[in-house]
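Q: Please see the structure below; I have some questions.
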Amino acid sequence: MGCNQSKSANDVRGNKVNNVNSKKKNNKREDINDGEEIAINPGMYVRKKEGKIGESYFKVRKLGSGAYGEVLLCKEKNGHSEKAIKVIKKSQFDKGRYNDDNKNIEKFHEEIYNEISLLKSLDHPNIIKLFDVFEDKKYFYLVTEFYEGGELFEQIINRHKFDECDAANIMKQILSGICYLHKHNIVHRDIKPENILLENKNSLLNIKIVDFGLSSFFSKDYKLRDRLGTAYYIAPEVLKKKYNEKCDVWSCGVIMYILLCGYPPFGGQNDQDIIKKVEKGKYYFDFNDWKNISDEAKELIKLMLTYDYNKRCTAEEALNSRWIKKYANNINKSDQKTLCGALSNMRKFEGSQKLAQAAILFIGSKLTTLEERKELTDIFKKLDKNGDGQLDKKELIEGYNVLRNFKNELGELKNVEEEVDNILKEVDFDKNGYIEYSEFISVCMDKQILFSEERLRRAFNLFDTDKSGKITKEELANVIIRGFYFFTYSLFGLTSVSEKTWNDVLGEADQNKDNMIDFDEFVSMMHKICDNKPF
């Protein structure tokens, strides 16, 4: 379930956990005490919930089961949305991975906490979204988004093989997610079609990487040494217990091979037979099965299935291969209206109010549905040219240029670069120099959808922790700081940010100057951040 690492890798984790949200090299560390700058991110809202899970959700049906427990489809009691809840038995540890029985349960629980900490840090359109965590005497409960489309594995069984366009769109999404993980120093270690879910059965354009139970933080200075994974997809260096993050790239190469011809490159009657073939690393492109497949596809497979992982391509290189660029979807004229609306909403957004930032990010990342996010998610992925799950300045400028080519109605912009700089200043909530997926969704979505009374009330209640109908600076500090420190640190770290800073945050919305924010003031603040700039 978790990451049973060597000592050296565990040492690395201590340095990586606090930096897991630093999105690209040379980014400054996310730190709420850095120059009194409060950085806002969606991981703040994933927390260990108090009370019994049955008070918040009721069971609809069982979705599946595994070695560590089961996955249930549940519905919110106070809402309408469905969630998938992973139920993990605290007593279900893998005894084969530990020698000292007295340490088994403690080690297993540590792995669960590691998985939770890892999941809460991730913000990518092709990676599963974690909402809440519950815990009782017998179980851990991980509340995640529900994807009704089932496993990619089922699609492979039903369709046997895919044409190159469909295969490229699938691989682009998988590689984008893997590229994002690797840039955050995370290796998945169990990429396979069973761990790729579809949002719905009717489309291959929105898939999700799931099951981070074997995932681990990594460092360029240390090699991973645990033999983990699934026979068909495991990399040869993992069998030798000396590997790095490129083991995920090998697994992607195996998946791509299967998508295009319908069978794996390394087959066998049982796991032992398969592993023997993986150890040799020899595979073939049978002429009859591959004669109509492009040379670009075969070349990419060769790069991903390079036996020597030091010479194997990276996930980013695979994502930017000729095959992906040629066969996967790009922005077209049908996307013009959505893209124009997205850029318009970003231009109008005023992001100086920290409480408003936190509230809109909570609504956009935690309360919106897959269907509501669908069009914007597609646009985000198409704007994200390098596929790293973030929009940089260059990609935003290219988005404007695409609209210019379509003779859009966005209006004449004299200085696109200056416009993009302003957008980054306002929309980059976590201050890392890029626009993340949830930041994009939250700011770009139609505010009539985003700001329903129910959603505004739920956002207000998030901060009004004592349910008094007023938000105080103590409640703000509790929610913000508690969001940064999960399972590890004190929930009451008011000294981490100065009293003046909290007063300033409160004062941004406190119209009657009573040092508290009521619901009407909260609603007024939310509308102002989106309406105070002319379009």
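Along the chain as shown, the residues are counted starting at 1.
Positions of Cβ are set from backbone N, Cα and C atoms, glycine also.
Summarising the annotation, Swiss-Prot assigns region 'Disordered' to 1-34. Under the heading N-myristoyl glycine, Swiss-Prot lists Gly2, citing similarity to another entry as support. The phosphoserine annotation in Swiss-Prot covers Ser65, Ser117, Ser216, Ser219, Ser334. As annotated by Swiss-Prot, phosphothreonine applies to Thr230. Swiss-Prot lists 353-363 with the feature motif 'J domain interacts with the EF-hand domains'. Per Swiss-Prot, the feature domain 'EF-hand 1' maps to 371-406. Residues or ranges marked as domain 'EF-hand 2' by Swiss-Prot: 415-450. Summarising the annotation, Swiss-Prot assigns Ca(2+) 2 binding site to Asp428, Asp430, Asn432, Tyr434, Glu439 and lists sequence analysis as the type of evidence. The annotation Ca(2+) 4 binding site is assigned in Swiss-Prot to Asp510, Asn512, Asp514, Met516, Glu521 on the grounds of sequence analysis.
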Q: Give the three-state DSSP assignment (helix, strand or coil) for the residue listed as 'phosphothreonine'.
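A: In three-state terms, the residue listed as 'phosphothreonine' counts as coil.
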Q: To the nearest whole angstrom, state the Cα distance for the pair Asp430 (Ca(2+) 2 binding site) and Ser117 (phosphoserine).
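A: Rounded to a whole number, the Cα-Cα distance is 18 Å.
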Q: Is Ser117 (phosphoserine) helix, strand or coil when read with DSSP?
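A: DSSP assigns Ser117 (phosphoserine) to helix.
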Q: Based on Cβ atoms within 10 Å, give me the single least packed residue among the recorded positions Ser65, Thr230, Asp430, Asn432, Met516.
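A: Output over recorded positions Ser65, Thr230, Asp430, Asn432, Met516: least Cβ neighbours within 10 Å is Ser65.
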Q: Rank aside, I only need the closest one: which of the recorded positions Ser65, Ser117, Glu439, Asp514, Glu521 has its C-alpha nearest to that of Ser216 (phosphoserine)?
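A: Going through Ser65, Ser117, Glu439, Asp514, Glu521 one by one, the Cα closest to that of Ser216 (phosphoserine) is Ser117.
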Q: Around the Cβ of Tyr434 (Ca(2+) 2 binding site), how many other Cβ atoms lie within 10 Å? Please give the count over every shown protein chain.
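A: I count 21 other Cβ atoms within 10 Å of it.
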Q: List the residues in the vicinity of the Ca(2+) 4 site, defined as same-chain residues other than Asp510, Asn512, Asp514, Met516, Glu521 with C-beta within 8 angstroms of the site's C-beta centre.
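A: Other same-chain residues with Cβ inside the cutoff are Lys470, Ala509, Gln511, Lys513, Asn515, Ile517, Asp518.
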Q: Where Met516 (Ca(2+) 4 binding site) and Ser117 (phosphoserine) are concerned, what is their Cα separation in Å, rounded?
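A: Approximately 32 Å lies between the Cα of Met516 (Ca(2+) 4 binding site) and that of Ser117 (phosphoserine).
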Q: What is the number of residues in the domain 'EF-hand 2' (415-450) that are helix, strand and coil, as DSSP sees it?
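A: Across the domain 'EF-hand 2' (415-450), DSSP assigns the residues as follows: 24 helix, 2 strand, 10 coil.
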Q: Which one is it: of the recorded positions Ser117, Asp428, Asn432, whose Cα lies the shortest distance from the Cα of Asn512 (Ca(2+) 4 binding site)?
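A: Comparing Cα positions, the candidate nearest Asn512 (Ca(2+) 4 binding site) turns out to be Asp428.
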Q: What is the pLDDT of the motif 'J domain interacts with the EF-hand domains' (353-363) when averaged and given as a whole number?
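A: Across the motif 'J domain interacts with the EF-hand domains' (353-363), the average pLDDT comes out at 88.
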Q: Please report the distance from the Cα of Asn432 (Ca(2+) 2 binding site) to the Cα of Asp510 (Ca(2+) 4 binding site), rounded to the nearest angstrom.
A: 29
Q: For the C-alpha pair, I'd like the distance in angstrom between Glu439 (Ca(2+) 2 binding site) and Ser117 (phosphoserine), rounded off.
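A: Here the two Cα atoms are 20 Å apart.
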Q: Between the recorded positions Ser216, Asn512, where is the Cβ count within 10 Å the lowest?
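A: Selected from the recorded positions Ser216, Asn512 on minimum Cβ neighbours within 10 Å: Asn512.
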